[in-house]
Structures are given as structure tokens and as C-alpha cells.
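**Q** Once you've had a glance at the structure underneath, I'll fire off some questions.
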Amino acid sequence: MSGVAAVSRLWRARRLALTCTKWSAAWQTGTRSFHFTVDGNKRSSAKVSDAISAQYPVVDHEFDAVVVGAGGAGLRAAFGLSEAGFNTACVTKLFPTRSHTVAAQGGINAALGNMEEDNWRWHFYDTVKGSDWLGDQDAIHYMTEQAPASVVELENYGMPFSRTEDGKIYQRAFGGQSLKFGKGGQAHRCCCVADRTGHSLLHTLYGRSLRYDTSYFVEYFALDLLMESGECRGVIALCIEDGSIHRIRARNTVIATGGYGRTYFSCTSAHTSTGDGTAMVTRAGLPCQDLEFVQFHPTGIYGAGCLITEGCRGEGGILINSQGERFMERYAPVAKDLASRDVVSRSMTLEIREGRGCGPEKDHVYLQLHHLPPAQLAMRLPGISETAMIFAGVDVTKEPIPVLPTVHYNMGGIPTNYKGQVLRHVNGQDQGVPGLYACGEAACASVHGANRLGANSLLDLVVFGRACALSIAESCRPGDKVPSIKPNAGEESVMNLDKLRFANGSIRTSELRLNMQKSMQSHAAVFRVGSVLQEGCEKISSLYGDLRHLKTFDRGMVWNTDLVETLELQNLMLCALQTIYGAEARKESRGGPRREDFKERVDEYDYSKPIQGQQKKPFEQHWRKHTLSYVDIKTGKVTLEYRPVIDRTLNETDCATVPPAIGSY
């Protein structure tokens, strides 16, 4: 039986009385299980405490490890820990298969060599180049070397990959992928399940997770980390269904909450992509890294923002302007439509700016697929055919799809090393935060640097979700003593929740959120300029101040979505602040975004010339470095620091460092 399905039925079957006077007795009667598992072997050890507030009794739980988030990264970390014998909780604000991983379309990269000779070192080279040399090469080494085994593991779990005629996993071409270190032409490295790879991957991992005795806390909203003496000792969460507060104490905590795409007005992200983990880390006084690097996917449906996978171009689709030109030949003569995403998005924007856009407003371009055989479209791109008809009214076998770059992915996030350990930077040195890990889009390992290659995100999920579990298993044993917390731990989180629940200002949550999203869209888009960024900083800071004037309408605790959306808005605001202040401070153009007032990349050397005889620029005078951002929660003031990019690989004899160069496609 599905553990989470059992959860749902159990919750529906018995609803607790929600008056505060009845809570404590209800929790203690033992008539309702708090830990929902696959086979029901575990007994609840929950204890009720009123140390924080008599109005909000807190239910305490204890685990070896807690994973926050149940998308691809969270599920892989959770069942990896359970498989190793750890008593593991998985806290998720969504039913696992509703996580945003399900929306990924194109595929997952791995140098399997099923279509032609391939090598993971070529994949490594492409990823470093795609990152515009802001990626950490030790983490990229780890990810690309682990990629083939990770895909085979998924196949063994039952993931139904598309196949070649001889039964091998089918691999399509994807942007920025090459053979022989960029000298051997286009690589076919992207393993896929038609154009629904994320859907298949998430359901495969979810099905696998049900083999293990993991405790699921479904539709619980994580409020904050429980930090003591610089260590993470768990999380405090709100049960959305009944409004109860839960402290989940654990020796190790893994954040896998996804990205913060909803800081922007037009994006491919689900409405639940609200940067919850990123904000939790910020409130804990820890840094976030490289949040200014936001990826604009070249092909979102014009007017809707829905994703049209890069796999369309991998299958032979082409971008055309109003004159019918295949314009990418001008900007990327070799890769053309399969250049990296930053190159394609900027090229599309330039075509529109120069008057060659399509439609009455000349404000988009076309993605043409109707020159491809209908049988190929039906087999390789069935989801896109359906999406284009629903959201654009287009029959892809007869007419092109109107597309426009739209926010798609966050390269930045919580800084980690290649083992998934969350980092702080002290006196020029990286230090791990005891008990805290992160993976997936919430994390910044940094394998994507300033620009992610398509189909590396699903790879990131499974490789680093697994890495977190392995790293914890190396440093801890199941049943190790769980550190204690103060009796009033989480008090500030409950006070904040109460304040928002009874907020009676003048601004609706939806109104303030829309103002933030439109400001980010207009002030921090693909092309950026200093004066506009400065105006955006002032605007977002002002909007952050407006959080004090919010008005909520639902005062209850049962399924209070008004309260949950307001908590999510707080999280989005923290992400937006760090994004726009980091963007304003970075006086160069690197990766996804492009500064029109600083059009060149600023490295420690001028790599357009031989470096012999050049003097290396001091760290303070170049921008090949990671941004670390902190926010004063009370004032909204953003503080920026910087840490070096890691250029060494894990083993130089096995995988040589790729030295910086001027990127071209």
C-alpha cells in the first residue's frame, strides 16, 4: 500500500477538533498516527509541548534525518537514507508526485555512448564551458562521472526510457553538448522518456521510495531550521490540514525545496516554487550563493510562459524570425539552434529588439516543427504537441509555435560542496554547517555556474540527492544520539506565523506578490543595465518593507491557504532581494544575464589573449567569483561577500581542469 495514500485516507477518516483547548488531549490520546510509513511498522514517538505558546501547542518528533522536499532530489535523498538504515522523515508541502520535477520535459544527460562514441570527460568539458567558468570543477567532475551509473540506476528502478531500434536508451541532441572537447560536432547525450522525462523520473523515484520505511509528513509547510550553536538540529513545520505545529528534531537535515522562479511574473515554474529552503537558510543567518544568475529558457509559449522543451530543437526544430530566417546561424554558426540557453535567449531578444519579431506586436519569434515527420512528433514530442494546442492554439504539424524567453531555472541557491554539505565562508575558508545538507535546485554545488546546460538539472537531482545520503552515512550511524534543542526552539517562527495569521494592514498578499513579480520582470531580465538595476533594488526593498502592511483574511488554522501563500511571499521576497542586489553589484556579463553597461566578462586574466606576460588581477578586481548574500531580516538590508571558484577537479590525472577561455558556439 502506498504510505502517502494511506496518510491521505487516514487524515480524511479522522479530523481532530481544532480548538486550542482540545489539541493537547487529542495529541496524547494516541488515536492518530503522526508518522505515516509504508508498512506501518513504526510507532509514533510524538510528544506535545506548550513551551512556546499555550495557543500553539507544538508536537515534537525525533529522527536520525529529515528531508525537506519530496521532488526528485528529496525523494532520492530520503530513500537513500532509509536504505542505509536511518530513521528518516520526509516533510513536503505537496503530495510527492505534485513536485515541480514532474514538469521537466527534455531529458537527463549521461555519456552512455548509445548514439555515437561519448565520454563523461567531454560532458565535463561542456558543463564547465556552459557555466562560463563560474562552476566549481570538483563538483562538475563528480556529477558528470557519476552520470552514466545514475541513469543505469534509474533504468534498474524501472524508468521507461525511450529506446533505439536495437533496444538501447535513446539519446537526443541538446544545447551546448559536444564531442571530443568541443571539436567533434554535436553530441547525442540526453536520455529521455519522449518529452515527459521529469514526470517519469519523479514517479519512478516515488515508487522506489515506497519500498522503504520512510515517514512522510505530507502537506506540511516547513517554517524554519532549528539552529543551535551554529548547528542544524531539524526543522519546525506547519501542518496545513489542521494547523498544528511540529518540531522535527534530527541529527541531519537535507533541504530539497526547489527553486524560486515565482519571484518573476513570467516563468515556467509551478506556483509552489517559492524558494522556501533558500529563505530558511537566509533567516538562519547563513549565506546564499549566486542568486543573481537566473536562467531564461529560450522557448516559453508566448503569453502563457509554459515550457516548450529544448528537445524540440534537439529533434530538429528551428527558430525563425518574421522574415522566415533561421537567425541562430548568425549568432552561433556551429551549434545554431542548439547553442547554450543563454546564447539562444539573448539572440532571440536581439532579433525582437531589432524589429524582426513575429506577430502584430513583433514581440516574439517562432519555433517551427511542422517540417518534421508527424510520426516523429507523435513519438518523441507528444506532450509538446498537446501543450502547444492547449496554450497557443497551434497544431504543430501545420504551424509554428510563438515563443519568448521566460524564467526557467535558478543557478544560485544554498552553497554546498560536492558531498551536499551546506557551506559558510569564514576568513577565506569554506566550512561545513554541522547537520545541514542541500541538493537539487535549492542548492548551489556549483555545477551550473552562471548558466545551466539543458538536461543537467535532472542529473543534478539524482546525483546530489544520492550524495547527501552517502555523505550522511559516512559521518553518522543509524541510532546515533540526536542533539537536544532549547524548550522554546522555534518560538520566533510561531510568533511570525501568528502575526501573519492576524495581519490587518492595507495590502493583500496577492497584490504585493504581483508587484514584486512585475518589478523583477522589468528590472532584472535577460538584458540588464545599472540604472535600472539600482531602481529595482530600491523598488524591491520598498516592497519588502510593505510586508509589514499585509492583510490576511482567513483567521482559521484548517487549510488556511491565505496564510500559506503569505508565508511563501515572505520567502520569495528574501530571494528577490538577494537576486537583484547581487545582479546590481556584478559589473560584468557572464552566463545567462547580460549587462548592457558592462558587456564583457571580467576574469583574472584577459583570456582573449595569451596569459603569458599578463599580471593576474587581484580578487577584488575581477568577477570570476561566487557571490555570497546575507539579509538582515528586520531591515531587509542585503550584504554581499565573495568566495573563489573551485578550479581543481577531484583527480587531475583522471580529469584535467578546463582552463577559462572565451566561450563560443
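Every residue gets a Cβ built from N, Cα and C, even glycine.
Not measured: the values here are computed from a predicted model.
What Swiss-Prot shows for this protein is this:
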type: TRANSIT; residues: 1-43; note: transit peptide
type: BINDING; residues: A70, A73, T92, K93, S99, T101, G106, A222, D276, E441, S457, L458; note: FAD binding site
type: MOD_RES; residues: H100; note: tele-8alpha-FAD histidine
type: MOD_RES; residues: K168; note: N6-acetyllysine
type: MOD_RES; residues: Y216; note: phosphotyrosine
type: BINDING; residues: H297, R341, H408, R452, A455; note: oxaloacetate binding site
type: MOD_RES; residues: K336; note: N6-succinyllysine
type: MOD_RES; residues: K336; note: N6-acetyllysine
type: ACT_SITE; residues: R341; note: active site, proton acceptor
type: MOD_RES; residues: K486; note: N6-succinyllysine
type: MOD_RES; residues: K499; note: N6-succinyllysine
type: MOD_RES; residues: K539; note: N6-acetyllysine
type: MOD_RES; residues: K539; note: N6-succinyllysine
type: MOD_RES; residues: K551; note: N6-acetyllysine
type: MOD_RES; residues: K609; note: N6-acetyllysine
type: MOD_RES; residues: K634; note: N6-acetyllysine
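Relative to the rest of the structure, where do these features sit?
**A** Sequence-distant neighbours of G106 (FAD binding site): residues of the same chain at least 6 apart with a C-beta under 8 Å from its C-beta are R172, F174, C190, C192, D195, T197, T309, E310, G311, G314, G454, A455.
Shown in sequence order, G71, G258, G259, S269, A270, T272, S273 are the residues of the chain, 6+ apart in sequence, with a C-beta less than 8 angstroms from the C-beta of H100 (tele-8alpha-FAD histidine).
According to its DSSP assignment, K168 (N6-acetyllysine) is coil.
Using a 10 Å Cβ-Cβ cutoff, Y216 (phosphotyrosine) registers 26 neighbours.
Residue environment of R341 (oxaloacetate binding site) contains 26 other Cβ atoms, counted within 10 Å of its Cβ in all protein chains. The DSSP secondary structure for R341 (oxaloacetate binding site) is helix.
Of all the Cβ atoms in the protein chains shown, 19 others lie within 10 Å of the Cβ of K336 (N6-succinyllysine). K336 (N6-succinyllysine) falls within a helical segment according to DSSP.
In the three-state DSSP scheme, K486 (N6-succinyllysine) is classed as coil.
A 10 Å cutoff on Cβ-Cβ distances gives K499 (N6-succinyllysine) a total of 13 other Cβ atoms nearby, all chains included.
Around the Cβ of K539 (N6-acetyllysine), the same chain contributes S519, H523, each under 8 angstroms and 6 or more positions distant in sequence.
DSSP assigns K539 (N6-acetyllysine) to a helical segment in the three-state reduction.
In the three-state DSSP reading, K551 (N6-acetyllysine) counts as strand. Around K551 (N6-acetyllysine), a 10 Å sphere centred on its CB holds 15 further CB atoms from the protein chains shown.
In three-state terms derived from DSSP, K609 (N6-acetyllysine) belongs to neither a helical nor a strand segment and is classed as coil.
K634 (N6-acetyllysine): 6 other CB atoms within 10 A of its CB, across all protein chains.
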**Q** What whole-number Å value do you get for the CA-CA distance of K336 (N6-succinyllysine) and H408 (oxaloacetate binding site)?
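**A** Rounded to the nearest whole number, the Cα-Cα distance is 21 Å.
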**Q** Which one of these binding-site residues, A70, A455, has the sparsest Cβ neighbourhood, judged by other Cβ atoms within 10 angstroms?
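**A** Ranked by other Cβ atoms within 10 Å, the binding-site residues A70, A455 bottom out at A455.
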**Q** Filter the recorded positions Y216, R341, H408, R452, K499, K609 down to the ones within 10 angstroms of T92 (FAD binding site), Cα to Cα, kept in sequence order.
**A** Y216
**Q** Only counting partners 6 or more residues apart, tell me which same-chain residues put their Cβ under 8 Å from the Cβ of H297 (oxaloacetate binding site).
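**A** Residues satisfying the criterion: T268, L307, E310, R341, S345, P405, T406, V407, H408, Y409.
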**Q** Could you state the whole-number distance in Å separating the C-alpha atoms of R452 (oxaloacetate binding site) and S99 (FAD binding site)?
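**A** Just about 20 Å between their Cα atoms.
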**Q** Nearest by CA distance to A70 (FAD binding site): which of the modified residues is it, out of K168, Y216, K486, K634?
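**A** Nearest listed residue in space: Y216.
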**Q** Restricting to the chain of D276 (FAD binding site) and a gap of 6 or more, list residues whose Cβ falls under 8 Å of its Cβ, or answer none.
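**A** For D276 (FAD binding site), the qualifying residues are V68, K93, F221, A222, T257, G258, E568, N571.
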**Q** Going by Cα-Cα distance, pick out whichever of the recorded positions S99, S457, K499 is nearest to K486 (N6-succinyllysine).
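**A** Closest recorded candidate to K486 (N6-succinyllysine) by Cα: K499.
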**Q** What Cα-Cα separation, expressed in whole Å, is found between S99 (FAD binding site) and K168 (N6-acetyllysine)?
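**A** About 29 Å separate the Cα atoms of these two residues.
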